[in-house]
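Data first, discussion second: the structure below is written as structure tokens.
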Amino acid sequence: MDFENLFSKPPNPALGKKPAADPEERIDEIDGTEVEETQTEKVKWKVKRDREQIPKKFKHLGNAATSPKSLLRKKSRSKDYDPYSDGETCSQGSEDNFDKELQQYIQAKEMANAAQPSLLPEESVKKAGAEGTQQTAKQKNKKSKAGHKKVKQKKMKRKWPGTGDKGSRALLKNSGSREQTDEPEEKQPRVRMSQGFINQHTVERKGKQVCKYFLERKCIKGDQCKFDHDAEIEKKKEMCKYYVQGYCTKGENCLYLHSEYPCKFYHTGTKCYQGDHCNFSHAPLTAETQELLAKVLDTDKKSCK
């Protein structure tokens, strides 16, 4: 019975319905399908058995989709492969080709390494260090050149005495003579200052222009100051407010009065409870201390009002 024609072509409606088949014919059709199924199962079993008989080497090297029937056909075409078995032909040929390719690869790699030898790690480190030292040397040379240029410019600005425009020979002679005699160089003359500048930064004491910043203990130039520091520093006629509170850090260098200030309790006739341990003076009053005491009493009267 043709199954393809039965399922592919639909029934023609013009012809009408076919008469129902007899039960005997239907039994024959069922028997035929069972026979075909058993035959297909036998064929599948034979194919599976043939695959199990093929060696593992051949399975790995060959294509998995090829069936043993196609392999047998290829084998039967050539007579040269008759005396050899399947496993021997495949394994020997593949192993020989692999060994040859491996040897060729090793030889090519050795030739390349011999032609272009790679640097050792020590040599590479030395090379990197040499490059770094070259860069640092270049930077130092640039800095030294810039410094030499500045020194030359300064030397050109200076004029040695007696040289004039005679050139470099006169400079060399003068420098040689100075080195031989070891005479001290003359001090550079002080810069001339205007009278207004002097009056702004000095105070006249005993016919001298004394640095006013020195008198205030604020001069930061010290011995390099252009004005005189030869004077006694007079303290201001005021009481140090930090001394009264007990934490003046300047001590004797403070510009304000500390223990020299007169004690208002002792000099007004009241009892000073501090006694000899008083932080202010119990000495006899002078003209200056009398003025200071009067100022203190005036401030107290104003505060009481």
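Quick reminder: no glycine exception, Cβ is built from N, Cα and C everywhere.
Sequence annotations record features per position, and here Swiss-Prot assigns compositional bias 'Acidic residues' to 25-38.
Per Swiss-Prot, the feature compositional bias 'Basic and acidic residues' maps to 39-55.
Residues or ranges marked as compositional bias 'Basic residues' in Swiss-Prot: 139-160.
According to Swiss-Prot, the feature SUMO2 cross-link maps to Lys44.
The phosphothreonine annotation in Swiss-Prot covers Thr33.
Annotation comment: Swiss-Prot describes Ser67 (among others) as phosphoserine, evidence class similarity to another entry.
The phosphoserine annotation in Swiss-Prot covers Ser85 (among others) and is backed by a large-scale study or a structure entry.
Feature annotation from Swiss-Prot assigns phosphoserine to Ser91 (among others).
What Swiss-Prot records for 1-191 is region 'Disordered'.
Under the heading zinc finger, Swiss-Prot lists 205-232 (among others). If one looks beyond the zinc finger (205-232) by at least 6 residues along the same chain, the residues whose Cβ comes under 8 Å of a Cβ in the stretch are 190, 193, 198, 253, 255.
Feature annotation from Swiss-Prot assigns zinc finger to 234-261 (among others). Residue counts of the zinc finger (234-261) by helix, strand and coil are 8 helix, 6 strand, 14 coil (DSSP-based).
If you look up Swiss-Prot, you'll see 262-285 (among others) marked as zinc finger, on the strength of sequence analysis. Counting same-chain residues at least six beyond the ends of the zinc finger (262-285), those with a Cβ under 8 angstroms from any Cβ of the stretch are 243, 292-293, 296-297, 300.
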